[in-house]
Amino acid sequence: MQMGPGAQKTSESSSTPGNGTTPEECPALADSPTTLTEALQMIHPIPADSWRNLIEQIGLLYQEYRDKSTLQEIETRRQQDAEIQGDEDGSPTGEDTPEEEEEEEEPASPPQRRAVPQICLLSNPHSRFNLWQDLPEIQSSGVLEILQPEEVKLQEAMFELVTSEASYYKSLNLLVSHFMENERMKKILHPSEAHILFSNVQDVLAVSERFLLELEHRMEENIVISDVCDIVYHYAASHFSVYITYVSNQTYQERTYKQLLQEKAAFRELIAQLELDPKCRGLPFSSFLILPFQRITRLKLLVQNILKRVEESSEREGTALEAHRELEMVVKACNEGVRKMSRTEQMISIQKKMEFKIKSVPIISHSRWLLKQGELQQMSGPKTSRTLRTKKLFREIYLFLFNDLLVICRQIPGDKYQVFDSASRGLLRVEELEDQGQTLANVFILRLLENADDREATYMLKASSQSEMKRWMTSLAPNRRTKFVSFTSRLLDCPQVQCVHPYVAQQPDELTLELADILNILEKTEDGWIFGERLHDQERGWFPSSMTEEILNPKIRSQNLKECIRVHKMDDPQRSQNKDRRKLGSRNRQ
């Protein structure tokens, strides 16, 4: 087996087994290997039957695994935050104390068990294994006495990617065998309905099966996993387009499912019956339908977790970066596929509702989408003390803000909107009014540098709350400076939160949050909203602060930012030169 640079460098720095272990104390090391590489060469591969038994014993469906895993990530961060805060006067930022390192090197002690991330939570009453280090082959080999703590964590990260794929395959197979191929289901659904509801899920299942098989073969080569990101890269680049097809159908899939539930009693009854089967473990049919989208996004995060743990400038880092970039392109294509389907219908609907008092502006465009819409109050008349006392100081207007265009309307009977002004989004400027008293609370100035009449126009607009005012200002002028600096500035401290309750965006300017997401705070309002930037994909949007909890320790915040910068760093010439060598090494292993 070819060991990666990370393992080789470990052997250079540690010529004897860790923790002072002697050959007499560890029978597996009786031949007294002098280097890590020599020790690993003595370790036998995992028997295929043993590995298959492990996979079969995975009892959690992917939905259950995913929830448990993300909740554990949240709890692990809380513990790290508390531990570092409690030791605030100890070691420098980003460095472990000698005492902490010693605790991590003692596999049998309770502190070490807490220190190793509990990332593979596939255990259940009928399953024996939690972690890579819990495999009997690992326990009996003595390899835990040789590997450095960081290498053990890397092994756990790669092990989670493999075992979670097995859990995902099990759930996806249930969607096909239990729901899609049910004989009554085939009779109830018209072929066109079945095609929209299940799309190309069989293609996705077939790719997952082949992907899992290759990962299994890699695991069987040696109990110490050499790499998995080269396999991820190959499948992301050559086979994961099936995910884009499936996820792009999501809008029509959701609509068809709702219609079938409403219009076909036989379908509704069958789904309820199938959901009660013990195989489904109380999970709804809809949770199986969204599995492919959840998996492709989670897979990217799992590769990020590996990338954070490989040695910098090593071969394994280059492979992980390539895999991550390919997955990022797949995820972006999936997101764009979903948005394209929903945006087209939305733009057609908006166009039908508009009546132009000015020269008509074509609304529908393939490169245009809605960012925000809603009602604001426009201040009428000159800003004098007399008009401030009148009841008709403000009148309602309605704004449609697209990615490249602002349309200003008044709502008229019949669910219609009369357009009286417009401007390019790039020609908008906003300014907040401060300390203007209760009457002008939540008021801001909107300037159109060039409106529909080719003139400059100014509107004084009042929002219903502080958060609504901030959200409009952020959307209207995206380059306007926020209260806090964004991740892209590369400053190594910024207010941060982690998501502790999932949130589904209700408006185009909001951000859907998944459990354990980490976000930089760019703007906060007094009425409980945050404008944030998610670290793992730099997506921005608003969300309720009640869905998150703040990360208070600056060392943890700095560590999160450094890890993200590393994940997203650009290609360099050396990495490009290593690309061909990595591909050759992958072929040699195969």
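Yeah, the Cβs are placed from backbone N, Cα and C, and that goes for glycine too.
Features of the protein shown, as given by TrEMBL:
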REGION    1-30  region 'Disordered'
COMPBIAS  8-22  compositional bias 'Polar residues'
REGION    76-115  region 'Disordered'
COMPBIAS  84-107  compositional bias 'Acidic residues'
DOMAIN    153-337  domain 'DH'
DOMAIN    369-481  domain 'PH'
DOMAIN    492-553  domain 'SH3'
REGION    568-590  region 'Disordered'
COMPBIAS  568-579  compositional bias 'Basic and acidic residues'
Exercise. Average pLDDT across the domain 'SH3' (492-553)?
Worked result: 92
Seminar exercise, completed: DSSP puts the residues of the domain 'PH' (369-481) at 19 helix, 54 strand, 40 coil
Exercise. DSSP says what for the domain 'SH3' (492-553): how many helix, strand, coil residues?
Worked result: 3 helix, 29 strand, 30 coil
